[in-house]
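The topological domain 'Cytoplasmic' annotation in Swiss-Prot covers 1-79, 139-360, 842-857, 903-1273 and rests on a curator's inference. Residues or ranges marked as region 'Disordered' by Swiss-Prot: 1-69, 416-451, 966-1009, 1126-1273. Annotation source Swiss-Prot lists transmembrane segment at 80-100, 118-138, 361-381, 821-841, 858-878, 882-902, citing sequence analysis. Sequence annotations record features per position, and here Swiss-Prot assigns topological domain 'Extracellular' to 101-117, 382-820. Summarising the annotation, Swiss-Prot assigns N-linked glycosylation site to Asn412, Asn667, Asn796 and lists sequence analysis as the type of evidence. If you look up Swiss-Prot, you'll see 1000-1009, 1233-1246 marked as compositional bias 'Low complexity'. Sequence annotations record features per position, and here Swiss-Prot assigns compositional bias 'Pro residues' to 1215-1232.
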Amino acid sequence: MPAVERNAPFTKTFIRKPGQRNDTSIPLHTEAPPPLRQPTRIARAKTLTRPERSQPQVPLINPSSGGPGFSAASRSKHRFSWWTAFSLFVTFWAPSPLLSSCCGLKDKQSRQAWREKVSLVFIAILLGGFIGFITMGLNAALCPSASSHSPNTYSRIGTGGAILGVHGWAFDIAQAHHLPEAPALFSLSTSRPGSDISSLFARSTSDQSPACRGTTAAYAADASCVALNGTLLKDCPLGPLSPATFAQYGMYNQTRKIGYGWEDVESANFSNFLVLDGVVLNMSPYLKANPSPIAADVVDLAIRQQLATSPHRGRDATITFYTNPTTRNAIKCLTQKYVAGYIDKITPGCFISNLVLYCSLVVILAIVLIRFFMAVWFAWFMAGRMSSPPRPSRRRRLAPNVLPEGAMISLNSSGAAPWANKQRPPPSQPARRRRDSAQSATPSVPDSLSVHHIGDEPYVVCLVTAYSENEEGISTTLTSLSETHYSDQRKLLFVVADGMVTGSGESMSTPDVCVSLLEADPRFGTPIPMSFVSIASGKKEHNMAMVYAGHYTRATGRRTPMVVVVKCGAPEEAADSKPGNRGKRDSQMILMNFFQRVTYNDRMTPLDYDLFRKVHTLMGVTPDFFELCLMVDADTMVYPKSMKTLTNCMMRDPMIMGACGETRIANKTQSWVTMIQVYEYFISHHQAKAFESVFGGVTCLPGCFSMYRIKARKQTDDDWVPIIVKPEVTREYSQSVVTTLHQKNLLLLGEDRFLTTTLLRTFPNRKMVFCPEARCKTEVPHTFKMLLSQRRRWINSTIHNLMELVLVRDLCGTFCFSMQFVVFMDLLGTAVLPISIALTYTLVVTYCLNPPHSFTEAIPLMLLVAVIGMPALLILLATRKVVYVLWMLIYLLALPVWNFVLPVYSFWHFDDFSWGETRKVEGEAKQTGHGDEGGSATGNAVPLRRWEDWERSRLRKKKREEKRRRELERQFGSGFHNDNASDGDPDRKEAGMPLSRPGSDSFSDSVTVSDFDDDKWGNQIGGYDETLPPPVQIVRHSVWIGDQEVIIDTEDMEKMLETGWDDKAFRARNLSSASSTNALLQAQQPQYPSAVNRNRLSQMGAFATKRDAPAVPEIPARYSMYVQNNGGGRPANGHGNSNGHYEPGSYEMERTPSPGEYASLIRGGAPSPCSPGFGPAQPYGHSSAVSGGAGQYSTGSHARQRSGGANAAYNQPHQHPPQPSQPPQPPQPAQPTRPGGAPAAPPRGAGSQGSGFAGARPSNPTGRGRSYHDRFS
């Protein structure tokens, strides 16, 4: 072959140049030989912690989305096809027509779920049968007692006392009497127990050795007696060998055989003993009777040769006798006539049986002991250090009232959200100009907030999911969270009401309860339903929710930011029994999806954007500052130190991604059902979770009280690692299409455990821990029916989650010394619970009737004592709470319930995916799952846009509304168009007059916007203006009447609410003091209503300020305008029509219905919501939370404030003009109301103050709202 030039064109190489990485190789023209690639270096150091060792996990629910590297289709087909085939094989006796006609399983999925349930029960029965056979039947099968040479039947030679052997059986002579040669026999039984004294009895061939009949050989005919000293006796001293003789002398047969070891047979004390087929023969009588060899006797020759030549072989003559036919025929006669005992041996069957028992003893005891000692270690050395405050660091705490750099909502130079650090290529010049027009006050690109700014108190969001809980339970939970030892500026209460539902026996719906506990922030106006993608299939994929924002003030001395998300459902499901209800997992995903989209700057739903605005306004920082999420159920009371303790755990170890505290029972003694749960709750935390926490692998964080890490900082403090918001986690946890029974048990029943399983599969190197210093209390089921329903869900979800967790190969440890093996043992133990308790009671009864006589027999009893006794010892060592020992005794009495009744019921209801009796809803007959729903998918109807796109649309909408307002004021003036200059308002501006409000460059009319492009997003953007500061005071206005003024006290108002608006009684009572009151009011009242309003209100009476009430400063114009800007109600002077114009003369006070009334309006045919901006009348006014919390800001009060000359104070928006007689009043928080408009109870510590209640017409001419008389009478 000819040589080839190295620099020929076809010899160009793409080998990468040495020493340079990430470099694209190019052809090299060189005379030098091509460079070799870098040598491969094998470095195995620390490979157990290298990230590349972790294998990517296949998605559990939807393997087709496994991503690159997976053969998803083949994996899914292989994984589910064999299970389907197995379920069909097991249930071959139940064809589909039979299931459809007899069992009511009409659809294919229900029949398949039933088949899978039967298959799982079949597997559980097989496992239970296997465990039962190992425990009770293995020894009987492999080592039967009839032919067993088990050590259990032996009395070993030389052991025990007062025992002698007769024909191989052990006889007790301790109580013997009248025994010949008694001193010698007692001495022999003491010095060498078990010695053979058969030669002292007269033996009959027909009775003792029937195999020797008809044989004349010397070995068969010999019947001589030999004394203890070896001399041949003429007569046998003990008489015939019979039961009568034993009874005469008081010798007791122990029914145990005399056992010899090989070392005993080889010793000098047994020189004339040999072994034949496992039987020890005492040949001393034969040799004494025949001292010389017998000629032509083959058997005699074999005996003498074996005794003389094979002492080192233990004198085993079995092979010698089986090689000759004559000696083989003599074996049976010899073993019957000269037997002295048996070789203490074990058969192969007995060996295998004992090996299995010993292995089970070692494994189970090892697990029990390791769990015990690890739990004690955790309680003594780890728990306190884990929950202690983090080490002093260089963190510089950020002042809560200082907005950090980058927290302001703005568009940065790259066009992305301010918290997104990823730089993009520079956009085109036109796009830059459009973006610059939407820039706000902070256009610079903010740096990410470092760990030194946040300090040791990270931002925590407290997720409270509510479904059918009552007001007391929800209020207790929120109060406990608010009163925790954690700054209100660093925690946010995030309440999600799962649908428009009312709990069983409750008079108020759950959303109304949640909203009534909120002191709404008036800046947000009336919430409107926002769309989002829910966890459901079909038509229920599209859902809507309203976001109420404000503060929780029921806690003593606290004012905690709070957000209430009410899932109200789409308009088309308003007629359903539970509009908006999608389950607890969907409520959790609202928060998880929100923070995921914030973290990744991903596209947001309208609900996400609304949440972003309100959370940012309440907290003063953008939501990306939140690092931790505390998930609490709505019936849980958190201890004051718990949140801080869990936060300390997270801050001390950045590898912790989840932590839970101890859950205690609040209603311990309510019933016997609650009493049997006390110890079960205690031991599940302080033993199971404590042991798992040592290795950082807690397999279940309870949903009632757990903290998760939203994202973790990298060690370099320059980037984040998403944890609970990682796409792999949220995608797995938000699956809505589930088809198999296994998937439905994972997602529909045990969402809390499944979330833990998903996190462990995704982050096997991170930790899940238990923090015993963090505690909470919750109410457990108090009836057996409720307990049965709850444990059915828990047991079934536990089995299916452990089935997935046992396949995770990256958990700590290896083989039997790994968390994977512990998970497997937990799975096996859960599956065999029914057979375990049955075997336990069988074992107890058996040992009571027949106590164990050996160590092997006592092995099952030792396991039982260890399993039951170790937790009791753990109580004393770890917690030193002796009272739990008493609770343990109650628990042991209920073991049949825990280990038999509940598991059997759960196994047979594998295909029941409802919540049963745990959460009952008023008027609901039977619960169903949230997953399947007919109809086409509606999730595509939800718009998804990036934050910057939503923000541009909001700013443009705000400019359009400001432009429209300015146009209206040019036409009608700054007042109202039905007022005139003679109404007494000195600050009134006529139509066309210049405005008293200063101009704003940001709202310039010259700004060009695309109305068509942005108007379509108007319904998805709230019409409020969160940039306004909150009102500093509740303003109470007096209302003037044309001729006479009346003073209304608080008691009079309460009577009015009860009896209606017939005020003749107290009008007459207060008439005498009217004149003096007029003078006082005229001196104190700086503002007065217009003439039109005064004439309008004089028809029904009104309120005046109390005689001794201090003067109220006027409200700044910028505060009084928020109702119009928000579009929170009808125009102040009347109702709007379809053209956007106002109809004067019809004054009406109106509020927005509460969440419960919103569903009723939709059912009644109310129009769907239109743009919430200033303009035509909206079907949504102020909510019940807003109307009560800021009643003075309702439409009517806004009208009086505007006509009272509030514009005069616009130039001084942050200052109130001093009053001549009274000093300015301090700020007062808004008072919440209960849904329906009734005033709520004031917060703790709040006194009864004068109300800012305003009057309204008793009639309702339009029918679109309700008067106060209609609402409160």
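The backbone N, Cα and C atoms fix where each Cβ goes, and this holds for glycine too.
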DSSP helix, strand and coil counts for the topological domain 'Cytoplasmic' (842-857)?
8 helix, 0 strand, 8 coil
What are the DSSP helix, strand and coil residue counts for the topological domain 'Extracellular' (101-117)?
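DSSP composition of the topological domain 'Extracellular' (101-117): 12 helix, 0 strand, 5 coil.
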Can at least 3 Cβ pairs under 8 A be found between the transmembrane segment (858-878) and the transmembrane segment (361-381), with each pair 6 or more apart in sequence?
yes
Residues of the same chain, at least six outside the transmembrane segment (882-902), with any C-beta under 8 angstroms of its C-beta?
675-676, 678-680, 682-683, 787-788, 791-792, 795, 833-834, 836-838, 840, 868, 871-872, 875-876
How many neighbouring Cβ atoms, not counting its own, are there within 10 Å of the Cβ of Asn796 (N-linked glycosylation site)?
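I get 27 for this one.
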Give me the count of other Cβ atoms within 10 A of the Cβ belonging to Asn667 (N-linked glycosylation site).
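Its Cβ has 16 other Cβ atoms within 10 Å.
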Quick check: in three-state DSSP terms, what is Asn796 (N-linked glycosylation site)?
helix
If one measures from the C-alpha of Asn796 (N-linked glycosylation site) to the C-alpha of Asn667 (N-linked glycosylation site), what distance in angstrom results, rounded to a whole number?
25
Looking only at DSSP and grouping its letters into three states, which state does Asn667 (N-linked glycosylation site) belong to?
coil
Using a Cβ cut-off under 8 Å, which residues of the same chain at least 6 positions beyond either end of the topological domain 'Extracellular' (101-117) come close to it?
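Same-chain contacts beyond the ends: 83-84, 87-88, 90-91, 94, 739-742, 744, 908, 910-911, 932.
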